[in-house]
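These notes concern the structure reproduced below.
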Amino acid sequence: MRQTAKLMYGLTLFLGVLAAVYFYATSQLNDGSNLQGAEWAGGTGLVLASLLTLFLGVYFHLSNAKSDIEPKDWEEAEIEDGAGVLGFFSASSGWPFLMAVSIVLMGYGIAFWLLWLIVMGVVMLIWSTVMLNLQYGLPPEKE
């Protein structure tokens, strides 16, 4: 997380400088289409964005001090060192496609305000989600 903290500190510095330049540039702008003075909406957004990246940088810095060294911090780390368990995925399952179709139907129903299409999409989504979860069946009960 050391690299992440450094990245957030760099973003904080960049956004802070950008906010200062933004406040200065908008206060000096005099083209007749704006009120005289700094433009506060964009400047406030830049200041808040820099504070957010500062908070994240401090969090990553402090959590790095408390945690063990990670594989991405090793000099001679391999890709396999940082790989986690991917879990089980059925590549030949058709249920994710049916879930996507039902979400598209719900979207069309919402866009054109067709209640029957929304209901059909919701029912199809619930049914396909249940069938995806129960695709390989429940384990047999032990007696």
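Our numbering is plain: 1 for the first residue shown, then up by one each step along the chain.
Cβ from N, Cα, C; glycine included.
The transmembrane segment annotation in TrEMBL covers 7-25, 40-62, 83-104, 110-134.
When each of the listed stretches 7-25, 83-104, 110-134 is scored by C-beta pairs under 8 angstroms to the transmembrane segment (40-62), 7-25 comes out highest.
Nonlocal intrachain contacts for the transmembrane segment (83-104), taken as residues 6+ away from its ends with a CB within less than 8 angstroms of a stretch CB, comprise 121-122, 124-125, 128-129, 131-132, 135-136.
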